[in-house]
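Heads up, the thing below is written out as C-alpha cells.
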Amino acid sequence: MALPLLPGASRDRNIGKEKFHKSQHWGYCNNVAMLVGEDKPGIGGEPLPGQKLKPKYSVFPEGIGSDAPAWVAFDKQVLSFDAYFEEEVPDQNQELYRIRHCKIYFYLEDDTIQVIEPQVKNSGITQGTIVRRHRIPLPPPYENQFYTIDHFNINIEVILYARKYKIIDCDQFTKHFLRKMGVRLNPPADRPDDPYTKERQKILDNMKPLRPYERIDTLKQFLEHDGHVLRFFCVWDDPKSMFHDPRELVLHYYLSDDTIDLKEIIPVNSGRDAVPLFLRRDKLPKYAPSELYQPGAITSRTVLNVFGKLGNRDRYILDNRKTGAVHQEFYRDSDLKVGAVINVWGRKIILCDCDEFTKEYYRTKYGIEDFTPVPYKTPSPPKPKIPFPPYTGFGSEEDSLCSCMGLLPKPPQKDFKKFMEKDRSGMQSNILRFLAKLTTDSPVDKDRKFIISYFLSDDTISVFEHTQQNTGIRGGKFLERGRIKKPGQELFKSEPSEYFKAQNLFVGARVCFHGHNFLLVDADEYTFNYMEKHANEFCMADIGVILKKLKDIAKPRSQEIRQVFAATDPEHTKVIEYDPFRSLIVDIADGAFSEHEIITLGRYYSVRDEYEIDLQFLLAVAQERLKKNSFENFEQLSAVLVYNDREKCGVLPHEMCRTVCKSFKLPLADDDLQALLTMFEDEHKQVEYKKFVDGLNWRENQIPAFQTIKVPLKNEGDGSGQPPFLPVKRIKYLPLLDDLFGKEE
C-alpha cells in the first residue's frame, strides 16, 4: 500500500534516477523526417501511463533485407485480397440480406488500405470505392494501432470501421509475398452467392426463349482478312455510249466480308462527271437484275406457320431446313480471275489484270500461275520529240535549254545528291589533283608547270600555275573553276555538249582546255588512292584489268620475259628499281599501256619502306596546336579518364580514350590523335592515359620546337590530310611474274 502524499511520509520517487531528458518529437520514419511524437516515451525514457512502445525493428533480425526505405523498396507493390461482407436489408420481403463482393488492396509502401466494390450492372447500389486509401486503425480496444501485413491472411475476418469483411482468397503475387514473409496461408474459402441475385437470374433466364437460333459466325473471317483487298483492273464496253469507247474500272474485293465495290477511272477532258464510286460496296449477286422481292422475303432466318389458315390463331416455328428461303448466289473470290466476265447489274465487265497482292493470293490459295493480262488499252501514239532550237551563245547551254521546256523558265537543276556525297567532308577533299605541262615547242612554255584540280562534287576543273623564279611568268590562277567542254564540238547546236569527266584525266593523258594542250605527268597520293579505291570507275587504276591486259600481251613470250627480268636483277635480290621496271613494261606492251597504268602496276608490287614518326616530334607539334588554341583543360581531361578507368589499372582502350578526347574538343586532327594514342599503347594495345595527358600538357611539360623537321606531320600539298608517301622506288617483280604466268617449277 502506498503511503499518503504528506510531508515526511512519502519517499522521493526520483531517487536513483539519472535521466530526466524530454523525448524528441521529431524523428525519421522510413528515412523520411516527420512528427513522430505519439510514439515517444515520457521524461527519462519511461513510457507514459497506458502507452505501449513499438519495437524498433520487425520480427526479422537487423541487417536482413534491403536498407532502402519502404516507399522505394515496395514502390507500386500492392497485395490484393478477395472479400465479401453481408449487408442487412430491412423492410423488404424479397431479400433479408445482401452479399456484396469487394477487393481489399494493401499498399506495402505505406501500410495503407483501400476497399473497392466492382460495378454490377443494374444493381441500383452506389458502388466503387467503399473505403478510400489510408491507414485504418484496429478495432477497440487497440484503436491506437493500425492494420499491418501481419493482420491479413486467407479465410479470416477483418473489421474495418465496424464492418466485418470475410477474406476468401488472394492473387498469386500476394500468396508468394506472404509465404516469403513466413505467413502460413489458410485454404481458400468458398464464394457465397447473393440469394436475391440468384433469384433474379432465374427470372431473366426464364424470359429468354429457348429457340434453336442459327449462329452465323463472321468474326473469324474478319479477323483473318481485315485490310486484305483484291484489286482487279476491268473494262466495260458501254454499248449505249455515243462513241462506244471502253470505260476503265477498278474492282475491289474485300476478303473480310466478301463485298465488292467499283470505281471508274475517268480520263482527263473526257466530258464525264467525276463520281466517287461506280458501284457502292455491297455483295454482288451473280444473276442480277432479277424480279423484285417483297419486303421481308430475303431474311437471314425463315419461319413456318404450323396451323396454316386454320382458325384465327397462328403458330410459328423456326425453319431449320430453310424450305421457304430465297437463295441468292453472290460472287466469291473463286469466281474472279483474269479474263473472266462478270455481271454487274446487267453490265458485262471484263477482268483484264490484277495487282501483285492479288496474284500472290490466288497463287497461294488456288495454285493459279497464269496471270496473262488482257490487252484493253489502245496503244498510245508515240510522243512527238520536241525539237530544241540551237544554242544562241548567251548564258550556259543548260540555262538556255530550260527556257525551252515551258512557258515559265526555271533554273537548271543540279545533282544535289552527288554534291552531298562528293563534297569535302572532314579529311576527304574529293578533289583529284594532277601535275601537268604544256605540249609545245616554245622554249618559254616548255618548262611551265600547272596543277589541274578536278572537283568531284560538280565536275568542275580549275588550273593553277606554279610560280617559278626568273622565268618572266607571274604564275597563279591560270583557269577559273568551271566545267570545260571537250574540243572539236560545234558551238551552236541543239544537242548538249560533252564535258570533261574524271575518267578523262589520268597520268599520261593529253587534254585540251580552251586551246591549251596539257600533258598530265603526275598526280598526288590522294588521287592515286582514290582512283585505286574506286577502280570500277577508273579503268586506268584497276589492277585486275591491267593484269589481264598485260597477260594477254605477254603470255606468248613468258620465258623470254622471265629471262629479261632476271637479267635486270644480277644480284638476285628479287627487287628492281622503278626506272628499269618501267622500261621493261613499255617494251613488253609496245605502247599499249598508259603512264598511269604503269604507275598503278608499280604501286601494287612496290616495296614500301616503314617510316616511324618520332614521338617527341609528334608531341611538339601537338603541344604547339594546343597552345595556339589556348587549350588548358588537362586536369579535367585526366579526371574523366581516371573516372572511366573502373579497375584503376592506369590503362584504357584506344577507342575510349579517343572518345573522351573528342568530347573535350581537343584541337587535333583525327589522324594525329590516332598516331599519338598508338604511341602510348602497351603490349596489350591499351593506352597509358596518364603519360598521354602529361605529354600533351604544354604548361608543365613543354617540349622545345624542332629546328629541323625530319618527317612532315601533314601533307600540305594535297587536301586529303594524310601523311605523305614517298614515290615508288623498288618493285618486287617475282609476284608479278607469278600472277602473270603462274609459279615457276
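Every residue, even glycine, has its Cβ placed from backbone N, Cα and C.
All TrEMBL annotations are machine predictions without curation.
Taken straight from TrEMBL:
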DOMAIN    75-182  domain 'DM10'
DOMAIN    226-366  domain 'DM10'
DOMAIN    428-535  domain 'DM10'
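Confidence for the domain 'DM10' (428-535), expressed as mean pLDDT, is 91. Counting residues of the domain 'DM10' (226-366) by DSSP class, helix then strand then coil, yields 13 helix, 48 strand, 80 coil.
Taking H, G and I as helix, E and B as strand and the rest as coil, DSSP gives the domain 'DM10' (75-182) the counts 12 helix, 50 strand, 46 coil.
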